[in-house]
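A.B. asks: So TrEMBL lists these for the protein:
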type: ACT_SITE; residues: LYS193; note: active site, proton donor
type: BINDING; residues: GLY7, PHE8, GLY9, THR10, ILE11, GLY12; note: NADP(+) binding site
type: BINDING; residues: LYS93; note: NADPH binding site
type: BINDING; residues: GLU178; note: L-homoserine binding site
Amino acid sequence: MNIAILGFGTIGSGVYEIVNQIQAEELKDCKVTKILDLPQNKDKLDIIVCDINDITEDESIDLVVETMGGIHPAYEFIQNCLQHKKHVVTANKAVVAAHMSDFLKSAKENGVQFRFEASTGGGIPWLASIQKAKRIDEISSFYGIFNGTTNYILDSMNTLNEEFETALKKAQQLGYAEANPSADIDGYDVQNKVTISAALAFDSKIDMKDFPCFSMANITYEDIQYLKSHHQMIKYIGQAIKKENMYEAFVMPMVFASNSLEANIPSNFNIVTLNGNTIGELKFYGQGAGKLPTANAIVEDILDIKNQISYGKVSLDKKLSYCNTLLKEKYLIRTNCPIENEWIDSVECKGANYYITTKAISTKDFMKLVNSISDQKAMIAKYM
């Protein structure tokens with residue numbers, strides 16, 4: 001099997017290393033023969049090309065790995081490759097979340113496969129596990145820590161007593177966070193992963209604009225210490241639930257008991273949990289990001305295509321409506337402004353701040369409460 005790679009950054013170079021240099025026995029018939037990269041990088045390897053047509057028009061190439069990131073030109077390049085009857089494997093969560101149905105349709109029309117395991121969960125076989133579970137069960141919900149960067153920051157704040165900005169700077173120095181960390185700390189990365197996971201788990205097109213996504217940027221050292229005093233820990237979570245023909249989802253900080261498994265996930269590791277109607281609760285733990293873990297997930301997809309292994313048909317045919325009243329949960333708000341509302345259960349003063357716990361209320365009512373808060377630095381979280 002001849003393989004082309006689009007993009008030769010961290011993940012693309014990892015795929016090249018595993019396929020062409022590590023050369024496991026299962027990969028003896030696989031070879032990267034072309035890599036699309038920028039003109040200034042052409043001298044790195046003699047197989048680097050700078051024109052996508054050098055790949056799409058090459059009939060010897062069987063499969064294309066897309067690791068460019070972003071939506072454009074990744075969308076156009078993936079569609080072009082599929083239309084030229086080449087299998088495509090990608091780790092690009094943004095383009096998959098936005099255009100999954102388009103890619104699956106093109107792949108089916110052209111008799112090839114579109115795989116995206118590495119887009120969600122990095123090295124954790126999360127999406128494959130969803131598909132396996134669905135063969136005999138119905139998935140009712142899932143939740144988890146989907147982002148290693150944010151978990152590293154919160155773990156550092158908790159175990160090393162660091163301020164948010166200090167922990168973020170260390171994450172950037174280690175390569176976990178980008179120079180502009182907004183995709184991680186403001187939740188867009190997790191929002192994409194929840195969208196992909198929910199679409200696969202619930203067999204439906206999911207629009208990420210439907211559900212709320214709250215940033216974790218307002219979490220402070222004082223918040224961590226407050227929760228510690230109550231034997232609790234905060235983590236950054238994505239969650240979705242389905243009931244009949246409705247679903248609800250969100251991305252936001254969540255408070256766990258300090259002795260829970262989620263509260264003790266260290267460093268940049270991830271943990272995700274699915275609930276099936278017959279299988280119950282299953283948890284998946286591991287490296288959620290990084291060069292070789294993510295590249296490994298891509299190569300697993302390559303081998304599954306090569307060996308014609310399928311974990312079930314991906315269908316997005318079910319019609320689900322977003323409903324923001326399915327869940328009724330308690331929330332924590334830290335603000336410098338007192339709140340008087342029928343939904344407030346308790347208030348605790350700490351210095352200039354109020355830590356306010358709500359009664360169990362719907363997301364709809366909680367959004368009304370959030371929109372009434374004038375404090376731009378307020379921290380909000382959901383209780384598990």
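Glycine is treated like the rest: Cβ placed from N, Cα and C.
TrEMBL does not curate its annotations; it predicts them automatically.
Locate each feature and note its surroundings.
C.D. replies: Around the Cβ of LYS193 (active site, proton donor), the number of neighbouring Cβ atoms within 10 Å comes to 27.
Taking a C-beta cut-off of under 8 angstroms and a sequence separation of 6 or more, GLY12 (NADP(+) binding site) has the following same-chain neighbours: ILE5, LEU6, ILE35, VAL65, THR67.
Here the Cβ of LYS93 (NADPH binding site) has 24 other Cβ atoms within 10 Å, regardless of which shown protein chain they belong to. In the three-state DSSP reading, LYS93 (NADPH binding site) counts as helix.
With a cut-off of 8 Å between CB atoms and residues at least 6 apart in sequence, the same chain places GLN172, ASP184 near GLU178 (L-homoserine binding site), listed in sequence order.
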A.B. asks: Please give me the CB contact count at 10 A for THR10 (NADP(+) binding site), counting all chains in the structure.
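C.D. replies: Around THR10 (NADP(+) binding site), other Cβ atoms within 10 Å: 16.
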A.B. asks: Around the Cβ of ILE11 (NADP(+) binding site), how many other Cβ atoms lie within 10 Å? Please give the count over every shown protein chain.
C.D. replies: 29
A.B. asks: Taking the Cβ of GLY7 (NADP(+) binding site) as the centre, how many other Cβ atoms fall within a 10 Å radius?
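C.D. replies: I count 23 other Cβ atoms within 10 Å of it.
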A.B. asks: Taking the Cβ of GLY9 (NADP(+) binding site) as centre, how many other Cβ atoms lie within 10 Å?
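C.D. replies: If we count other Cβ atoms within 10 Å of GLY9 (NADP(+) binding site), we arrive at 13.
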A.B. asks: In the same chain, which residues outside the set GLY7, PHE8, GLY9, THR10, ILE11, GLY12 have their CB within 8 A of the centroid of the CB atoms that define the NADP(+) site?
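C.D. replies: Neighbours found: ILE5, SER13, GLY14, VAL15, THR67, MET68.
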